[in-house]
Amino acid sequence: MIKLSIIYNEDKEDAIKIYKELLKYLKSKKEFEVLDDKNISQAEYIVVIGGDGTLLRGFKKIKDKKVKIIAINSGTLGYLTEIRKDGYKKIFENILKGKINIEERYFFTVKIGKKKYNALNEVFLTKDNIKRNIVSSEIYVDDKFLGKFKGDGVIIATPTGSTAYSLSAGGPIVTPELKLFLITPIAPHNLNTRPIILSGDVKIVLTLVGPSEFGIVNVDGHTHNKINIEDKVEISYSKESLKIVLPDDRNYYNVLREKLKWGENLC
C-alpha cells in the first residue's frame, strides 16, 4: 500500500475541484491510501495542489524530507508546481509501474537567535518601516568579510529561488539542481554592488549594522523576524534535500521559456 497525504489551497476553487477529483481517483485505486493531516509523517508521497505559494507553505509542514512531493499546478504560472492538472493521473500510473522522475532541490537552514527555519526559495533582509531611508547590512562568508550593503535590502537565494524575488531584483537564473548561494542586493545605493554567486559549501552570516536600528528578515515570504543591530542571521545548506516528482517529458529549458518567456521577443 502506497501512503500519501494531500495539501491543497482551500481558498482557490480550481484547487478544491482538483482535490475532489484526485481523491475520487485515488480511492478507485486499491494501491493508494490517503492519510489525514495528523498522519502526514507516515506518508511516502505528499501531493500539493495549488501554486508555488501552496508548495512553500506545505514545505514548512514537511518534517521528513525523504518524502516525495507531487506538485500539481491549479493556477497559471506554477514554476515549482510543474504537473498540469490534466496530467496528474499519468504520474500515479508511473508510480505504480515504479517509474518515477525525481529532482532534488537543496534548501537553506536559517538560524536567527535561538530559532531555526528552512528556506526553499530565499531569505531576505528589508527595512522594518517604509519611512526609513535605507537598511545597512554586512555579509560574512566563513567568517571572512564579503561586503557592506546599503539600500532597500538584500536577498540570499537558492537556485530554486533564483526565479522568484531575486529575479525581480535583477539576479541571475540558475538551474535548480545546483547547490549555490545567490546574493542579490535590493535597490543598492552603490552602483558597484551587483549580484554575486557563491559556493554552497560555505556558511553565510548576515548582520544588521548602523545607521540602521531595526530590520525585517523574511523566510520564503512567510516568516517575519524583526532583528536589531548586530543580530546575526546564519545561513547554510541543509544536509537534506526536497524530492520533487516531475513529468517524464519535463525539460527545464522548455519550462523556462513557457513560464518566464525567457529569450522570447515580447514586442
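Our numbering is plain: 1 for the first residue shown, then up by one each step along the chain.
Backbone N, Cα and C atoms are what each Cβ position is placed from, and that goes for glycine too.
For 52-53, Arg57, 121-122, Arg132, Lys150, Asp152, 163-168, Ala187, the entry in Swiss-Prot reads NAD(+) binding site. Annotated active site, proton acceptor per Swiss-Prot: Asp52, in sequence order, evidence recorded as sequence analysis.
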Distant-in-sequence Cβ neighbours of Asp52 (NAD(+) binding site), under 8 Å, six or more positions away: Leu77, Gly78, Tyr79, Leu80, Thr81, Ala164
Winner by Cβ contact number (other Cβ atoms within 10 Å) across the binding-site residues Leu167, Ala187: Leu167
Number of Cβ atoms other than its own within 10 Å, given for Arg57 (NAD(+) binding site): 16
Mapped DSSP class for Ala187 (NAD(+) binding site), helix or strand or coil: coil
Cβ atoms near Lys150 (NAD(+) binding site) (within 10 Å, other residues, all chains): 20
Under 8 Å by Cβ from Glu122 (NAD(+) binding site), counting only residues of that chain that are 6 or more apart: Ile155, Ile156, Ala157, Thr158, Gly161, Ala164, Tyr165, Ser166, Asp220
Mapped DSSP class for Lys150 (NAD(+) binding site), helix or strand or coil: strand
Among Thr163, Tyr165, the one of these binding-site residues whose Cβ has the fewest neighbouring Cβ atoms within 10 Å: Tyr165
